[in-house]
Amino acid sequence: MTHPLSSCFCSCRVNRGGQAENSLFSLFRGSVHLWKIDRMLARYLPLLQCYGNFMGRTTIIARPLLASNFSTNGTTSQDANASAQSEGRREEQVSSSKEDDVKFKIFSAALPLVHQLGWTKECLEAGAESIGFSKSSHGIFEHGGTSFVQFFHRNCNKELRKIAKVEQIESAKSDELTKVHQLLEKRLQMILPYLPQWPQAMALMSRPHSSLDSYKLLYELADDICFFAGDRSLNATWYTKRAAVAGLYITGELSLVQDKSANCDESWQMLARRIEDLRKVEEFGGSCSRQQEILKDIAQSSLTLIRNLTGMQSYQRNSR
Amino acid sequence: MSLRLSPALRHLRASKFTCNNCLRKKHTKISDEVHGMLRVDHAGEFGANRIYAGQMAVLGRSKSAALIQHMWDQEKEHKKIFDDLMVKHRVRPTALMPFWHIAGFLLGAGSAVLGEKSAMACTVAVEASIVEHYNDQLRKLANENPEKHAEIMAAIKKCRDEEQEHHDTGMDKGAEQAPLYKAMTAAIKVGCKAAIALSTKV
């Protein structure tokens, strides 16, 4: 089941600019046909439900996203309705990219305020206000603080991708694990400025309703690191490598959060030790694969043995 | 409204013309469904390689060794094609790879133990279901967007034609004279269908 708020925002998205009020007004005037009532109910029911559920939090509901869009000018309600219906589809498409833009603006304005306000709705609120948006426009982040943290993660992943592209060209010679080490360190350094608030972010990410998205982000991160470190494996190693990198990232995060040493040196040393462990495991695997030849011979001779025992050799010789 | 972005986030606006996911210039991103297609094709070619490896392990010194080796070489080439496509589009390989590694070899070796004709019958059954599967994919891709998927379609077409050749060679070499031909091919075909369904998703 989706969050009740999310359905509210879906309807908000399509009908920005106070159309909710307009159409309800026309309903009361009795100038609307029955089929229109039907459609309107379907459209605004979630909104009304939401209103009931969150009477105390009226700021979130049915407010336009941008203060500038909020206008109840003199046009008649029917005109507004007709134009809304004809342009509804197009507006929906435009609004998604526009919404991302708005989200990004609010997000980047709120990020410097995290130190004072933490990864919270209030922080987004303050961020939105500081760049001239309505205080309630934080509502487009569907899960408040959680969405904020996820947005941060996504941006860090994007940034890492960009760094990795440059690195790939520079350090073409160094081996895969060294690159994994470098990239992991770069990625962990991105959370350093927000370290005091990071336990809160980790808690938000591990909440049940956001854990699925968190895993997706973690998978994206591990996949990027492995890919840019030069991993081109297409078998079970693909999975083990990504699992190892994801595990390393989580361990690094946990150790950073508790680290009291200067410059978090202990954590970086811990990371280097874990990478060395991985290198040892890899060497062990390499020495195992050298024994494969012997295994092959054993398998082949046992197959011949089975053929002789079952009499297949003589069957084939006779059938020729 | 002017807005100052923090330097850490500025790249989001700049990187418009390179693909976010890989090192190349922006190429068309393919859908999840096509990802699944590449995944199953890669697994299939890998499995086919293992089948021929199994057959060669048993029939390596028989008179049809050269023929099987020739088909195996072609399969290796197919796998190479799909390897490249997988890396290019960053497709996740199926989690069942270790299983196909063993199952393919066992199927090849098992059928070859029953004789050369049975080995050919196994080839015929496998290639028949693979050709059918490739044709399904080609139809789907052609319906969706032939220009966008031109590269993938060309790869599939090449593989399909050669798999059809293998099928016909198997028929020529007397696959139908193998003991229990019908039961065996039916069983293998069912196995292939199940493998295809599994590898697309898992």
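Placement of Cβ uses the backbone N, Cα and C atoms for every residue, glycine included.
If you look up TrEMBL, you'll see B:Glu45, B:Glu75, B:His78, B:Glu163 marked as Fe cation 1 binding site. DSSP assigns B:His78 (Fe cation 1 binding site) to a helix.
Within the same chain, residues at least 6 positions away in sequence whose Cβ sits under 8 Å from that of B:Glu163 (Fe cation 1 binding site) are B:Glu127, B:Ile130, B:Val131, B:Tyr134. Annotated Fe cation 2 binding site per TrEMBL: B:Glu75, B:Glu127, B:Glu163, B:His166, in sequence order.
If you take the Cα of B:His166 (Fe cation 2 binding site) and the Cα of B:His78 (Fe cation 1 binding site), they are about 13 angstrom apart, rounded to a whole number.
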